[in-house]
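Visitor: One structure, pasted below without further comment.
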Amino acid sequence: MALVYRPTMQFSGMLFSLVGWVLSCLTTYLPQWKNLNLELNELEIWTMGLWQACVVQEEGGMQCKDFDSFLALPPELRISRILMFLSNGSGLLGLLLSGFGLDCLKIGERQQEQKKRLLLFGGMIFWMSGITAIVPVSWVAHSTVQEFWDENIPDIVPRWDFGEALFVGWLAGFCLILGGTLLNCTICSTEVHPSSVRYAVAEQQDQCQHLETETRP
């Protein structure tokens, strides 16, 4: 069972981590962190990301303008840039370390302890990458909710709402944490070598042949 489940868990962990890392990179550059739908002009939807603000028109497509200054951004967007870069960088590092620690990789096959350490470090880095992806999107979501329900803002002023990038970021963090957990779980599982499996199968076949000869009249 360990021979079947351990490579499967490692493959699943790497797959979830890779998907999470790709989604994290996508979240960093998506301009839909916040959406604003103007009631006076329902044909226009304004969006805001970490790098630019865009307006989506039904007839004219999307037009975007980059932010002029990093210091002019709100605090949650400034910190989110830094955290998303950390998430992307640590996710890439986790993929490299975990890749060298996989059982299916023949490099360092005799150094099993080193491969286990690489898997352990890779899984922990995936956890850090997932957390640093969840924190900024949750912070932006929290500030958006506070601004939406702020009683000091007149009702006629349009309110920002959640953008699609926030949900992509939450999914990215979940996949990274799940992938790191699966990789770390494989370290605790027992390893079965193919030679011992072949020996067990051969022994079972011998027993079956012996029983068949005894049952024959």
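For all residues, glycine too, the Cβ spot is worked out from N, Cα and C.
So TrEMBL says this about it:
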| type | residues | note |
| --- | --- | --- |
| TRANSMEM | 12-30 | transmembrane segment |
| TRANSMEM | 82-105 | transmembrane segment |
| TRANSMEM | 117-141 | transmembrane segment |
| TRANSMEM | 167-188 | transmembrane segment |
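Distances, neighbours, how buried they are, the whole picture for these features please.
Guide: Note on the transmembrane segment (82-105): residues 6-7, 10, 13-14, 17-18, 20-21, 24-25, 27-28, 50, 114-119, 121-123, 125-126, 128-130, 132-133, 135-136, 172-173, 176, 180, 183, 191 of its chain, located 6 or more positions outside it, place their CB under 8 angstroms from a CB of the stretch.
Proximity of distant same-chain residues to the transmembrane segment (117-141), defined by a Cβ-Cβ separation under 8 Å and at least 6 residues beyond the stretch ends, is recorded for 10, 13, 17, 20-21, 24, 27, 33-34, 76-77, 79-80, 83-84, 86-88, 90-91, 93-102, 162, 165-166, 169-170, 172-177, 179-184, 186-187.
Residues 6, 9-10, 12-24, 26-27, 30, 87, 91, 94, 98, 116, 119-120, 122-127, 129-131, 133-134, 136-138 of the same chain lie 6+ residues outside the transmembrane segment (167-188) yet bring a C-beta within less than 8 angstroms of a C-beta in it.
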